[in-house]
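Colleague: Got a structure for you, questions after.
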Amino acid sequence: INLTTIIDFILLGFSDIPKFHGFLFGVFLVIYVVILLGNGIIILIIRVDPTLQTSMYFFLSNFSFLEICYVTVTLPRMLMDLWTPKGTISFFACATQMCFFLMLGAIECFLLAVMAYDRYVAICNPLHYPLIMNHKACIQLVAGCWISGIPVDIGQTYQIFSLPFCGSNEINHFFCDIPPVLKLACGDTFVNEMLVCVFGILFVTVPFVLILGSYSRIISTILKLPSNTGRTKAFSTCSSHLIVVVLFYGSATITYLKPKSNQYEGTDKLLSLFYTILSPMFNPIIYSLRNKD
């Protein structure tokens with residue numbers, strides 16, 4: 001069989017609604033600016049304010065920096081495609097985008113788990129909190145989050161793009177995500193799909209279970225507090241993080257675990273927009289509201 005090797009892909013993005021490209025470009029440009037400003041201001045304030053030099057805000061500043069990197073992987077490319085609707089992306093650029101998207105997504109899962117552990121220690125072991133969550137331990141935890149997923153995600157991306165691609169080169173998405181790229185691969189992709197599931201369990205499910213375990217202990221401890229004021233204060237310190245976890249994991253889980261079908265591709269794009277773009281935009285607002293510090 002004669003196969004034509006693909007050297008370029010076409011990101012279809014929102015090509016089905018060309019009349020709204022100008023409007024979408026303006027909306028997403030404003031969202032990108034808001035994300036950069038919102039998360040950048042959080043980083044700046046935490047850096048310059050001596051009263052915010054605690055482990056909780058150290059993790060929050062790293063999380064805000066991560067959100068800036070995370071959204072920069074997909075949004076500038078989408079803005080360019082809306083401005084010049086060609087959508088062509090090279091094989092190497094597509095692989096690079098997927099690799100960074102996977103790495104930053106894994107880092108976010110780990111960092112959310114670390115932030116939940118920080119709240120667990122603060123509420124369940126308050127007397128030992130300064131000793132356990134000292135500056136050295138915080139740096140080690142953050143470094144572990146940033147380093148842990150890099151080799152595996154590079155290997156996963158290499159394996160996916162080592163597959164033969166032939167026939168259609170149109171990716172029905174606004175960035176190079178795993179499911180739409182695998183649809184274009186020739187031959188049997190069962191092994192690759194199983195490895196995606198394994199890596200998903202390792203980098204998504206395990207951190208989520210750790211988050212659930214932390215919050216089950218936190219809620220149990222809060223309910224045992226004698227005063228309503230104490231319970232309210234304790235819950236307010238972790239409510240923002242809990243909302244962010246629900247938004248990120250909820251939309252991502254629905255996207256990747258629901259049945260795969262062509263009729264859901266439009267829904268996939270909307271859900272992907274939520275956890276790749278809208279969630280990073282809401283995070284500075286969520287962490288700022290009801291936060292007196």
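In case you wondered, yes, glycine gets a Cβ from its N, Cα and C as well.
As annotated by TrEMBL, domain 'G-protein coupled receptors family 1 profile' applies to 38-287. Taken from TrEMBL, the feature transmembrane segment covers 23-46, 58-79, 91-117, 190-213, 234-257, 269-289.
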Colleague: Which residues, given as numbers and ranges, are at least 6 beyond the ends of the transmembrane segment (234-257) yet have a Cβ under 8 Å from it?
Modeller: 56, 105, 108, 112, 115-116, 119, 122-123, 179, 200, 204, 208, 211, 215, 218, 221-222, 225, 268, 271-272, 274-275, 279, 282-283, 286-287, 289-291
Colleague: In the predicted model, what is the mean pLDDT computed over the domain 'G-protein coupled receptors family 1 profile' (38-287)?
Modeller: 87
